[in-house]
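These come from TrEMBL:
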REGION    1-35  region 'Disordered'
COMPBIAS  1-14  compositional bias 'Low complexity'
TRANSMEM  84-107  transmembrane segment
DOMAIN    86-514  domain 'Major facilitator superfamily (MFS) profile'
TRANSMEM  127-149  transmembrane segment
TRANSMEM  156-174  transmembrane segment
TRANSMEM  180-202  transmembrane segment
TRANSMEM  214-233  transmembrane segment
TRANSMEM  239-260  transmembrane segment
TRANSMEM  323-345  transmembrane segment
TRANSMEM  357-381  transmembrane segment
TRANSMEM  388-410  transmembrane segment
TRANSMEM  422-447  transmembrane segment
TRANSMEM  459-479  transmembrane segment
TRANSMEM  491-510  transmembrane segment
């Protein structure tokens, strides 16, 4: 019999008579409630579990702790709609970033092939730098934006990013030379890359843990919608008007996001408790009891201040090193799974398959598949979990790129061998896009906002973002060289092999963060799993 059960039994003289075994049942119910926890009262649940394990609680203590926790979990009325609104508003910046990413596809034909759009010629090599300079801008801004986020806040940072968006699009619209195209795309990359760090962090801090995965997936969903928007609009207008329309989108984002609240986590860190309360009530509703959540935010902030260290010391913490290794690993395998290669060859694959679908419509179809699959991911990420989506995504993508590699290898050997195999690369392409958009597309960005402690989140998240954009640049610029050295088939097989390594990485190294508070995730990374403690406590209560 556990200590808690013994305490209950010894208290029997002071309380009303109980049926045999009722103390065990009470402990079990208590620990079950502790395991469920409050949405923002996980520390109280941990107190109950630890106290029960140590035998240091009396029935009165347990009832007080449980009463506080139940008040925060079962009686607390929290609205979720405002959180969806705020997350979608923040993801509007991701939509703007998606238009920057997708612009090169419809623009390339008019600018390079047709020689229109500008008063100066642009070669294939020059246009490749126009496209990839966006990646360089995004990589350059990620680390500085991490410091800016901590200084002025998440909301103000994102509102300020409207300006570089407007400057970049204006320079692109009225560019007098190729150099202006490079500069404009670099500036647009600064704005887009900054959003890739700021928006996931903001969403992770405003969302309740049971919907954090869904809201975090909005970021990738809006990027894919931005790309699809450019593909669709680009099919009907010229480059000038396409760029003008894209330049209006950041203004719309700024107007909408202006009315959203600042992150409560940031406000507490700056000592602005009254503003934090207003933010929480905006996000959860006026009837929501903000006290437990606010207390947890204050307690977390106190722990950070008491153990405050510089950036290098914070990076040297074992839990930070582990989180950074996981985040960088996910970014590495996201870029080296072959997504850029598959997108690059999509038009050729549709053409070789004799589908009768033109290059413009092929890209639009790919955009639609990305949006649909990413939307599905937002629906299931909090039900199935992050790990299962990554494992399923990586496994199927490896098979798909292997099949595409086989097709191109046979085509390089003898094109007549693949005359009746046009369906193979098309099917593989569609499956690859769908599975990437469900797992490896949104989940690495989502987990970037979940894995790091508050005091290092800005800088560590920036490192992960920088790594992602630099890898995107390297893959884009070296893709032609890989094709020449390994052949088309060999290049896709290389991506398939790296994706298989990514599956093993996820299986052995990536933790499940579904349904866990940010504090619980830190405890698990540190090796102190509250779930394990709960299970042990419940088992003890049943003995």
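Here the Cβ of each residue, glycine as well, is placed from N, Cα and C on the backbone.
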Distant-in-sequence neighbours of the transmembrane segment (127-149), which means Cβ under 8 A and at least six residues beyond its ends: 100-101, 104, 108, 111-112, 157, 178, 181-182, 185-194, 196-198, 201, 458-463, 465-466, 469-470, 472-473, 476-477
Beyond the flanks of the transmembrane segment (156-174) by at least 6 residues, Cβ under 8 Å: 90, 93, 96, 100, 145, 148-149, 180-181, 183-185, 187-188, 190-191, 194-195, 198-199, 202, 240, 243-244, 246-247, 250-251, 253-254, 257-258, 262
Mean pLDDT for the domain 'Major facilitator superfamily (MFS) profile' (86-514), as a whole number? 88
Go through the chain and flag residues at least 6 beyond the ends of the transmembrane segment (459-479) whose CB is under 8 A from any CB in it; none is fine as an answer. 128, 131-132, 135-136, 138-139, 142-147, 189, 193, 196-197, 200-201, 311, 314-315, 320, 323-324, 327-328, 331-332, 334-336, 340-341, 344, 444, 448-449, 452, 491
Listed stretches 180-202, 214-233, 239-260, 323-345, 388-410 vs the transmembrane segment (84-107), most Cβ pairs under 8 Å: range 214-233
For the transmembrane segment (388-410), I need the partner stretch with the highest count of C-beta pairs below 8 angstroms, choosing only from 180-202, 214-233, 239-260, 323-345. 323-345
